[in-house]
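Novice: Questions regarding the structure given below will be posed in turn.
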Amino acid sequence: MLITNIKALIGLHLKDTLVLRGNNLDHLPILENAWLLIEDGLIKDFGKMDSIPSHISNLSSHISAEGRYIFPSWCDSHTHIVFAASREEEFAMKIQGKSYEEIAAAGGGILNSANKLQKASEDELFESASLRLKQMILQGTGAVEIKSGYGLTTQSEIKMLRVIRRLKDQFPIPIKATFLAAHAYPAEFKNNHQGYIDLIINEMLPQIAEEKLADYIDVFCEKGFFSVEETDQVLKAGAKYGLKPKVHANQLSVSGAVEVSVQNSAISVDHLEESNEETIRTLRNADTIVTLLPSCSFYLGIPFADAKNFIKANLPVALATDYNPGSTPSGNMNFVVSLACIKMKMFPEQAINAATLNGAAAMEMSEDYGSIAVGKKANLFITKPMPSIAYLPYSFGEMQIETVILNGEIYNG
Ligand SMILES: N=CN[C@@H](CCC(=O)O)C(=O)O
Ligand SMILES: [Zn+2]
């Protein structure tokens with residue numbers, strides 16, 4: 001596939017640039033008035049229109065992208081898209097002023113989703129998750145991480161992870177699976193935390209490892225959920241099976257979650273709506289990626305993470321949706337990028353880098369995804385005609401994507 005007359009190619013980081021820390025996020029390399037050649041699903045070459053080689057310009061099948069930009073696909077490194085039912089009843093409670101913790105304590109929240117998921121069949125879950133994923137891809141997402149964590153029994157956690165494996169097999173984008181049984185304590189373990197942790201460690205993990213169902217392990221480390229010590233136990237048990245941590249940290253309070261995650265060599269710490277100087281000091285000496293989820297803050301009405309401070313401290317910031325039925329019923333990365341600019345005061349270049357290359361890094365796939373470089377996978381999108389790059393986050397809630405290309409082929413859903 002040859003694409004010509006491209007207004008600009010965006011995100012031309014060198015292939016060996018795998019993550020962007022601090023000020024490096026400011027720089028979004030572009031090439032104006034460009035052509036792009038894709039072969040065998042990979043980016044084969046690109047250049048300026050005024051120096052297009054004749055053997056390329058003579059290729060018969062090509063798309064003209066006049067006035068349009070080409071971006072690397074969004075890389076959404078934090079989602080919970082396998083769930084049985086939406087939770088609009090909690091929406092009304094939120095509007096009345098109930099907090100996330102109050103709703104959970106009243107029988108809503110994660111346990112509500114777990115109840116419903118336990119009753120759903122693998123096929124039903126696969127069908128509904130497929131619809132969500134299709135929609136996300138049409139909104140520009142070309143790589144995704146998906147968590148379990150609404151099963152909370154051995155059977156249902158495995159059911160969720162098998163659904164994720166089917167999605168991996170059937171969708172044309174790379175998917176990473178994260179095991180999140182430590183998402184909430186089931187009611188029967190409310191007063192027996194160690195009993196549930198033992199179940200995770202001695203029963204769930206061995207079976208999941210045996211079937212190779214997970215790439216990562218996650219814990220919701222938070223007051224009322226999993227303590228720092230409990231998180232440490234689960235992460236260490238996961239490490240025995242080669243599962244690296246990606247941790248829900250500091251969503252509602254500064255809890256020591258970041259510290260325990262870094263001690264366990266976490267790939268990422270996610271949320272961080274609450275943080276302090278200690279959090280930043282801990283992260284400064286680590287490779288752990290800071291994944292921010294602004295649409296969760298938007299929906300729950302909790303503080304937005306202090307992205308500017310993290311960037312100032314030279315940390316690698318990524319952006320993801322957190323798509324789930326409780327705190328973020330949206331998988332739209334365009335909106336995440338808009339919110340990052342509007343509410344967290346990230347510049348468009350920073351937000352785009354954080355939602356592409358650093359998102360890929362938070363799934364350990366930035367060698368192949370997240371930027372436009374020769375030899376990388378051709379997962380891209382072509383915008384509608386736009387006046388500038390900043391127009392994409394500026395025009396929040398509007399759809400600026402016209403064509404999605406995955407593995408070098410147009411994707412129509
Ligand atoms: N905080 C924990 N997990 C999800 C919400 C899960 C739910 O409410 O169902 C999150 O990342 O926001
Ligand atoms: Zn989450």
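Including glycine, each Cβ sits where the backbone N, Cα and C put it.
As annotated in TrEMBL:
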DOMAIN    69-410  domain 'Amidohydrolase-related'
BINDING   HIS78, HIS80, HIS248, ASP322  Fe(3+) binding site
BINDING   HIS78, HIS80, HIS248, ASP322  Zn(2+) binding site
BINDING   ARG87, TYR150, HIS183, GLN251, SER327  4-imidazolone-5-propanoate binding site
BINDING   TYR150, ASN324, GLY326  N-formimidoyl-L-glutamate binding site
Novice: Within 10 Å of the Cβ of ARG87 (4-imidazolone-5-propanoate binding site), how many other Cβ atoms are there?
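Specialist: Looking across every protein chain shown, the total is 20.
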Novice: To the nearest Å, how far is the Cα of GLY326 (N-formimidoyl-L-glutamate binding site) from the Cα of HIS78 (Fe(3+) binding site)?
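Specialist: Each residue's Cα considered, GLY326 (N-formimidoyl-L-glutamate binding site) and HIS78 (Fe(3+) binding site) end up 14 Å apart.
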Novice: Using the alpha carbons only, what distance in Å do you get between TYR150 (4-imidazolone-5-propanoate binding site) and ASP322 (Fe(3+) binding site) once rounded?
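Specialist: Each residue's Cα considered, TYR150 (4-imidazolone-5-propanoate binding site) and ASP322 (Fe(3+) binding site) end up 14 Å apart.
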Novice: Rank aside, I only need the closest one: which of the binding-site residues ARG87, HIS183, GLN251, ASN324, SER327 has its C-alpha nearest to that of HIS80 (Fe(3+) binding site)?
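Specialist: Nearest candidate: ASN324.
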Novice: For GLY326 (N-formimidoyl-L-glutamate binding site), just count the other CB atoms lying within 10 A of its CB, please.
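Specialist: I count 23 other Cβ atoms within 10 Å of it.
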Novice: How far apart, in angstrom, are the most distant Cα atoms among the N-formimidoyl-L-glutamate-binding residues TYR150, ASN324, GLY326?
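Specialist: So the maximum pairwise Cα distance among the N-formimidoyl-L-glutamate binders is 11 Å.
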Novice: CA-CA, which of the binding-site residues ARG87, ASN324, SER327 lies nearest HIS78 (Fe(3+) binding site)?
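Specialist: With Cα distances computed to HIS78 (Fe(3+) binding site), the winner among ARG87, ASN324, SER327 is ASN324.
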